[in-house]
């Protein structure tokens, strides 16, 4: 300490609560085209996919050689050897190898949670810039051995003498040799996600017609976005794939109407959920660059949208009290209330289309006075969403849904669209994202774009 | 753990030769002997730029009309231009001689022909050059410095506007240098002023084809090129000296039988000493079609020379473009050059990222070859759209903004655009369009301190030409004075030169990089 006396300055923070929060901005986004599983990316690992998404983002933003505060990502289906997936991807990228990597997993909301993590690190002043993302490949899913074989192998590993080894092997039964594919069924109910949604679909009385309309709209809007070049600065081709392979620009109500129901066929009600209004297994990766205003300005990067706030909800679906994929219906009203907003203040709404019926069920719940009163504790219903503001460039039914990659796909898409509208309309424009996830969870986020930079 | 990052200039290293088996077989050893004795083409590995090797492979001999035996300088006559060129070469650290008997081996001959007055003035220097050719080292150079003539175009579009070419008024042309004007009067005393211009023009045009024929006789990777200096522009103009450096160096390995036309004394004189390591330092240069092929090599070379490259390619080429951008630690720009707002988006990108734009290389191009009888509208229109309409629209949009003051434009023409090519009516039209574009754009850009030029590649070893059937490919390779295909890097070197400060006095021109392809034009 110098001997000079310093007056107590207000610039010295006395506690964390006195540090002012900084805004975190989405400044760029990138993803691979999404491909139906078992197709063009069948031999690509999740690490290759995530590295590809990073490389495209690094090139677009000119980040080669830069040390970022953190890269957060994750995959739902991940082989044990990929425990450090994100850090390994960073090392294989053009980023400064001194950039840390964090693996995160919250099922289909992984991309939402990584966005929240990076944005919060920035808001807390821990980092200046970071990348949030997610990746999944049902083609690169881990295949595990059955429980019987696993026990035998472990015992064999412990055995010292030949006799002990033979003894261990003698316990092996032919049935133990069958590999076990990864399950996406809910462990506590044994039901697949589709079967869970089918129960919710029936409970809300959602029609086949309404679901197919959502699917048709999604394909047509996504196709228009591709045609107009909207994705030119949001997607980088990978392995020769230049567009989402699940996209069917020419689909129609007639074609969708011809598909047979695949979920809810054992329920008492008429089954309505088909392969056309449900998302297929998909491979792909996505990432967004989030930074402070100063960091972006130094590099001449645009401030697409501010990451305002996040909320995650979870519902008790195990005893059938609530539908598996209904948590966003709970999370969004809490998020809006915390930010002094109503659904009517939202300019653009993105609801992840796990199934067309998921979107419809959430929309119906928000309009339902009884649900809003009994489940959400609200005196007034949350209200209706103007369909012209919903999933304006299509969503997962058309693009596909590589679980962990969906969140950051939507964040990047919405941020770009919000910015374009803010500039065109010369006013701040706010967007809401809703992503449902396994385990009865749901993540929602608020983004806002401004006309200036 | 750190990933080993490739050297961005790796593919631009000397010795990275083409995949030309014949060249490998006959460039040395017994194969060469056999080829020579059978009278087969005997190409050699060209001398390409290598920073560890000298600018030229031996001493430089500077010859002029007045230095030649038997036609030595008349009493009182000066040999100013040749002396000035010699001084520049000495400043470059080169060993310079004025007489061939002084040296056993020669790296380059600089032939100063700026003072030709009658066709017979060529005899002395021509024969002196002939007498030293056997002393030229492999990879040697012949560079002639001449004044322009009216006549058949020098190169593809090596024409000068009337105000830089004054064949009927030599006194006015020499007015800047009083000395020259006086000499002029002396040598023309027996002719009327008007007809002396006719005689001089004949002499000057003669020098062009003299040099082109010389180039065709060279062997061992020796090239012969020229620099045409506009009347009124001194031979010490930056672009003359910069052009001389370029033509002497390995950077011009595949430029043969061509003339650089210097129209003004604009530009920054190259610094004394060795070659500049980063002549494009800090310049923001856009390269379209940069994801692969020649465009990728252009981007890599410009970056290696210090430019901040903006690599542009269609979204579908995004993966290769990203890899390149990350290698060059720059930001990529995915866009289709045919988009109506492509120029505006390029400008916006450069302005937001760098606050400026200094140059653009219109490299993006496609071929849709078909005989005219079988041609359809899609093939014809798409080639025109990508190859010439996009560069026109993009440049127009850039020039609408003050940020484009001083813009250096380089278009990619083709020898097909000069001589035409069977099966390429659409491509040839588009590439000739580029030649026309830069010729007419030059005065527009001159008013704002910029330049517009084109490079016309001949047969270049690329993925595209590798798909030509083997026999046709072998023939195409040999149809030039160097008897081999060029490398993408050779095209990139010419473009880098045209973007440099030293080339600011060269505008509206099309430089062929074709090994003196026999184009039949």
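Using N, Cα and C of the backbone, Cβ positions are placed for all residues, glycine too.
Please treat TrEMBL annotations as automatic predictions, because they have not gone through curation.
Copied over from TrEMBL, here are the features:
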type	residues	note
ACT_SITE	A:108	active site, acyl-thioester intermediate
ACT_SITE	A:401	active site, proton acceptor
ACT_SITE	A:436	active site, proton acceptor
COMPBIAS	A:1-18	compositional bias 'Polar residues'
DOMAIN	A:26-293	domain 'Thiolase N-terminal'
DOMAIN	A:303-447	domain 'Thiolase C-terminal'
REGION	A:1-21	region 'Disordered'
Under 8 Å by Cβ from the residue listed as 'active site, acyl-thioester intermediate', same chain, sequence gap 6 or more: A:76, A:352, A:354, A:401, A:403, A:404, A:406, A:407, A:435, A:436, A:437, A:438
Neighbour count (Cβ, 10 Å) for residue A:436 (active site, proton acceptor): 33
For the domain 'Thiolase C-terminal' (A:303-447), residues assigned helix / strand / coil by DSSP: 63 helix, 33 strand, 49 coil
Cβ neighbour count (within 10 Å, all chains shown) around residue A:401 (active site, proton acceptor): 26
Averaged pLDDT, computed only over the residues in the domain 'Thiolase N-terminal' (A:26-293): 92
